[in-house]
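One structure is given below, encoded as structure tokens.
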Amino acid sequence: MGIVIHQSLRNTITTYLGFVLGAISALFLYTNFISVEYYGLVAYVLSAANIMMPLMAFGTHNTIVKFYSTFKTKNALNSFLTLMLFLPIVLSIPLAFIGYVAYDTIADFLTTKNEIVRGYLWYIFLTALSMAYFEVFYAWMKVQMQTVFGNFMKEVFHRLGAMILLFAVYFKFIDVDQFMLGIVGIYILRALIMMLYSFSRRLPVFRFSKIDKLSAILKYSSLIIIAGSIATIILDLDKFMLNNYIEIEKVAYYSVAVFIATVIAVPQRAMHQILLPLTAQFLNEKNKEALKDLYQRSSLTLYVISGFIFLLIVLNINQLYVIIPSEFSGGLIVVFLISIAKLYDNLLGNNNAILFNSDYYRMVLVFGVILAVLAIILNMILIPMYGINGAGLATFIAIVIYNTIKVLFVQQKFNMLPFTSETLKITILLMFLVIGFYFWEFPFNAYLNIFLKSLAIGVVYVIIIYKLNVSGDISAVIRKYLRLKR
């Protein structure tokens, strides 16, 4: 776990830096610098692009990680990487043609409730293509066990760019239409920078010779298109569907609530970058003991870290909604539901990496389709009834069912669970702290209240976690940074 902890800590720092920038933009800049209508439009365009991205990438970013370590000669590896570089663009061309020919039909379908979307559909395509190639170049670096720069570009770069554009709108250097174009430009620039960086580490040697396992590679790529990203795009699916049922302004309210809750996902996102290639290596080597150890230790580590973030969000949410514009406070229930769902995601450790890189990856597609269909049906039922709260409830139910199925499947096929007796201790601790701190507020303004309450929660949580020693990795980090003796 040494390389995991080392790179995960650095990735966590950059990921949180990205979330801090994102929080400033989502909670304060977007809500004050542009209209709620355009905020909802930005959320819709990016969500639709995230949904399209896996299709345009054709699963190549996952395929690179799975098969890279199986090629033992340079010629075979170069042929494989050449295929991975060209597949997305080859498949994006027919999609672009369909979009051009059927533009009006697609636009009519997507603008039944919000006509403003009609003029920005090509922005979705360009952003999705840029996202797809960014993931390909990032995977290029993951297999070299170099994830830090890529994580910075993935989590920080586009948020910093959006912040700069928002200030440009505020000072009237650009108008809102130019801002929308600038958002697309940021994603294109990010992909180009990642390409140059990845090629500086391993320059591609284009080789178009026959590839061993070509059939298996293409089969995996085609099946993993949806399965590899379904859990991450499910929240974007909500925003996409909300556009067809309610005013686009409320998509902005939902986006803020989801952003707050998904801060819990940061540790998992950071650790996943290095867990993925390590898991693939253990599976390819058939090292079941190392795999089980990684499974349980990653689960405990992520649960401890994400549990702390969960406490900070849930126990400070009422004060946070005092700070931001009042119309956004309608997302309180969404925050609770998505927070619990994301906490469950972290509890699974490297479960996703095991499924994606094992011989059972086809089942991930089945599970992904079940999740997508379930989420769509639940959204269609619950959004008309409860609005954005219905979307949050639909996502919560779908993710809980999806994660439970995955845990049971890995247990059946690999005879291993991510849970240990320490998992129960952490769960009980979280429950007691929520009950103990939720109704307790300092008699100060919201900013000072959040700071003091977070400080109190942090001190209590760290002390108890250290005393219980639920995770050797976490305890080692606490000792290192607080200079404690055993």
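Note that Cβ sites are derived from N, Cα and C of the backbone, with glycine treated the same way.
No curator has checked TrEMBL annotations; they are predicted automatically.
Annotation comment: TrEMBL describes 12-32 (among others) as transmembrane segment.
The transmembrane segment annotation in TrEMBL covers 80-100 (among others). Residues 55-58, 60, 63-64, 67-68, 71, 106, 121-122, 125, 129, 132-133, 136, 140, 204-208, 211, 214, 217, 221 of the same chain sit 6 or more residues outside the transmembrane segment (80-100) yet have a Cβ under 8 Å from a Cβ within it.
Look at TrEMBL and you will find 120-140 (among others) tagged as transmembrane segment.
Look at TrEMBL and you will find 156-173 (among others) tagged as transmembrane segment.
Per TrEMBL, transmembrane segment is recorded for 179-197 (among others).
Among the features that TrEMBL reports, transmembrane segment is placed at 217-235 (among others).
Residues or ranges marked as transmembrane segment in TrEMBL: 251-267 (among others).
Only residues 6 or more beyond the boundaries of the transmembrane segment (300-322), in the same chain, are considered here, and those with a CB under 8 A from a CB of the stretch are 12, 27, 260-261, 263-268, 271, 328-329, 332, 335-336, 339-340, 342-343, 346-347, 349, 420, 422-423, 426, 429-430, 433-434, 437-438, 441, 446, 449-450, 453-454, 457-458, 461, 465, 470-471, 473-474. Under the heading transmembrane segment, TrEMBL lists 300-322 (among others).
The transmembrane segment feature in TrEMBL is assigned to 328-348 (among others).
The transmembrane segment feature in TrEMBL is assigned to 388-410 (among others). Below 8 angstroms of C-beta separation, residues 231, 234-235, 238, 241-242, 246, 250, 253-254, 257-258, 295, 330-331, 333-334, 337-338, 340-341, 344-345, 348, 351-352, 354-355, 360, 363, 367, 370-371, 374-375, 378-379, 381-382, 416-418 of the same chain, each at least six residues beyond the ends of the transmembrane segment (388-410), sit close to that stretch.
Summarising the annotation, TrEMBL assigns transmembrane segment to 422-440 (among others).
According to TrEMBL, the transmembrane segment annotation covers 446-466 (among others). If you look at the transmembrane segment (446-466), the same-chain residues 6 or more away from its ends with a CB under 8 A from one of its CBs are 304, 307-308, 311-312, 315-316, 319-320, 322-323, 426, 429, 433, 437, 440, 474-475, 478, 484.
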Cβ contacts the transmembrane segment (120-140)/the transmembrane segment (328-348), at least three under 8 Å, sequence gap 6 or more: no
Chain residues outside the transmembrane segment (328-348) and at least six past its termini with a C-beta under 8 angstroms from it: 31, 231, 235, 250, 252-254, 256-258, 260-262, 264-265, 267-268, 299, 302-303, 305-307, 310, 313-314, 317-318, 321, 388-389, 391-393, 395-396, 399-400, 403, 406-407, 418-419, 423
